[in-house]
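Let me begin by presenting the structure, written as structure tokens, before commenting on it.
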Amino acid sequence: MHTWALLLAAGQSSRIAAACPGVRKQFLLWQNAPLFWHSAVMLSRVSRMRGIIFVFPEDMLEEATAMVRELDAGRALGIPWKAVSGGARRQDSVASGLGQLPAECDTVLVHDAARPFASASLTNSILDALQAGAEGVVPALAVTDTIKVVEDGAVLSTPDRTKLVAVQTPQGFSLQALLGAHRHCAEKALAVTDDASMLELLGQHTVITVEGEASNIKVTHPEDLTMLHSSEKKNMQVPCVGWGYDVHRFGSDGRPMKLGGVPIAGGPGVIAHSDGDVLLHALTDAVLGCMGLGDIGMLFPDTDAAYDNADSAVMLNEVLEKARNAGLLITHVDLTIITQIPRITPWRDQIHKNICRITRLDASSVNLKATTEEKLGFTGEKKGIKAVAAVTALRRVSS
């Protein structure tokens, strides 16, 4: 499955204009970043997301693209992105974004930039449903209010609310199904308010629901701004530091050496249950430390045969996914390899680049050092290798 997201930020914000004159809601600053950026960061932290298409107002495309470029430089998304101009209607903006997807894309998420509270967990549940074969997936919440059908101020009927749900974004689709639905609506001149409606009108695909999130509101009315400010107070981010340490012995019957996910040709064998990547093990422990989740041995015990020669990068990615779902924002990683052999210098740049790729941090946010213990201790006697890691992060806490 090759998934991209369309982030719709092309609206005119007519219903909220009086509360924020001169600024469209998708560009309102919240937690020191425009509203649309929070959704972009969330989407980029979902491991199965391959890229994002930003859809901006045509008259702001150049300015908004420069904004994304600057934001990405400071807090890297870590995945490819493009920016395109939208249209007069929501479906026109979606069509514009669909036209920019790469050839290998086969599934797409469509998300409103005005929903900054959608979580990575919700996004993953949508992707899980798509991976299981669904062609259209929408997050939905049961309707708790009684709904009336009204015409000219007069109540015509009261639908059975047990059959009603309120749908949200992101909405997920098979790309071919969504393209076909868009063509159908264009040919029939049909106007819709969401993409799932297009599949319903085409009548060839089933749209299923997953449980939505009550917190995933859409900023639409002036009073919603109050909720934004309230959320900012309730969901504060506090700095935290995680520390990791790992050691492995050398042995002629050990596994081929890997450091930071990079094979070290000619390095001594490493005795380990998994692949023995001491650097990734230390980093994994440090990330777990930021979340208060113990250590790598608790999550991936060496008594479990499933982790025999397990790829440490896969284990680290699983922990990073937990961190993203928990709202942990990793800002800096500092790593030290301590060993007499092999010399790390020939491999340093490759290791550094790979750590940046895995953590989705820019080069200035990952520091890698190597040192010896001046021939003292077990590393100095060339009996083993150790690594330490310090991770700095922002953790979301509720006041």
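Cβ from N, Cα, C; glycine included.
Computed from a predicted structure; not experimentally measured.
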One of HIS273, HIS281 listed by Swiss-Prot as binding divalent metal cation at the site of ASP246, HIS248: HIS281
Site of maximum Cβ density within 10 Å, from binding-site residues ASP246, ASP304, GLU373: ASP246
Cα-nearest neighbour of LYS218 (site 'Positions MEP for the nucleophilic attack') within the listed recorded positions, LYS25, ARG161, ASP304, GLU373: LYS25
Where HIS248 (divalent metal cation binding site) sits in the secondary structure, as DSSP reduces it to three classes: strand
Extra residues within 8 Å (Cβ to Cβ centroid of ASP246, HIS248, HIS281), divalent metal cation: VAL247, ALA272, GLY276, ASP277, VAL278, LEU279, LEU280, ALA282, ILE385, LYS386, ALA387
LYS25 (site 'Transition state stabilizer') and HIS273 (4-CDP-2-C-methyl-D-erythritol 2-phosphate binding site), distance between Cα atoms, whole Å: 52
Local backbone state of GLU373 (4-CDP-2-C-methyl-D-erythritol 2-phosphate binding site), from DSSP in three classes: coil
